[in-house]
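Going by TrEMBL, these are the annotated features:
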- 1-185: domain 'GH16' (DOMAIN)
- GLU71: active site, nucleophile (ACT_SITE)
- GLU75: active site, proton donor (ACT_SITE)
- ASN79: N-linked glycosylation site (CARBOHYD)
Amino acid sequence: MWSENHFKTSADGEIWYLSLDKETGCGFQTKQKYRFGWFSMKLKLVGGDSAGVVTAYYMCTENGAGPERDELDFEFLGNRSGQPYLIQTNVYKNGTGGREMRHMLWFDPTEDFHTYSILWNNHQIVFFVDKVPIRVFKNNGEANNFFPNEKPMYLFSSIWNADEWATRGGLEKTDWKKAPFVSSYKDFNVDGCQWEDPYPACVSTTTKNWWDQYDAWHLSDAQKMDYAWIQRNLVIYDYCKDSERYPTLPVECPLSPWE
């Protein structure tokens with residue numbers, strides 16, 4: 001998307017590297033848009049002292065932070081050496097986000113590649129890490145202002161400096177002596193309804209695909225056990241439990257992830 005000299009690949013083209021220095025970061029996006037499906041990629045995050053550095057892997061309806069965009073975010077928030085990475089997820093509809101959750105991970109995401117995936121259908125959006133559901137965002141089956149389900153999205157990834165907020169609320173600044181900061185990617189995989197204007201045939205027949213059949217509308221029993229463990233042990237922040245920020249809870253918060 002920008003700064004092509006900060007983008008490199010392995011000799012065989014299978015691994016992609018995005019780098020950040022004091023000048024700029026870097027990003028890439030898909031040429032195609034999709035509405036609903038399974039979207040997956042393996043990432044290895046910036047190692048060492050990565051405070052202030054954000055690596056993002058996300059879906060968005062447009063190239064830019066437009067006022068009407070829909071968006072599904074994975075953001076990996078760098079930290080000082082020895083401190084754990086945090087993973088932040090967010091959901092936007094028609095330009096409104098504010099639906100952050102933050103989790104710790106149960107492994108060091110800088111040591112090896114791990115798989116980060118999004119399942120998106122009209123019933124739920126599930127964020128997965130290594131096939132473990134860490135977040136479930138449900139639809140209520142009615143027209144609403146919280147569940148993005150109408151506009152197709154591109155996939156993006158980028159690395160940038162966000163030291164005004166990313167690490168300990170902006171207290172920890174990026175140490176540019178450690179630059180360049182490099183994140184690595186491989187095994188990009190999409191199984192979804194690829195968009196064609198004015199609309200593709202698959203829009204009306206998504207239930208022919210596994211990612212929009214009954215079993216994909218709910219967590220399986222095994223997934224529920226994993227999800228319960230994540231909820232008990234690794235959730236750092238959940239906007240639905242932030243009564244100072246939201247004295248009246250957003251309407252989607254009472255929807256049960258278990259159903």
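Each residue, glycine too, has its Cβ placed from N, Cα and C.
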Query = If you skip the near sequence neighbours and keep only those at least six away, which residues in the chain come within under 8 angstroms of the residue listed as 'active site, proton donor', Cβ to Cβ?
reply = VAL54, THR55, ALA56, TYR58, ILE87, GLN88, THR89, ASN90
Note = As a whole number of Å, the Cα atom of the residue listed as 'N-linked glycosylation site' is distant from the Cα atom of the residue listed as 'active site, nucleophile' by 25
Ask   = Far apart in sequence but close in space: which same-chain residues, 6 or more away, have a Cβ under 8 Å from GLU71 (active site, nucleophile)?
value = TYR58, MET59, CYS60, THR61, ASN90, VAL91, TYR92, GLY97, PRO148, MET153
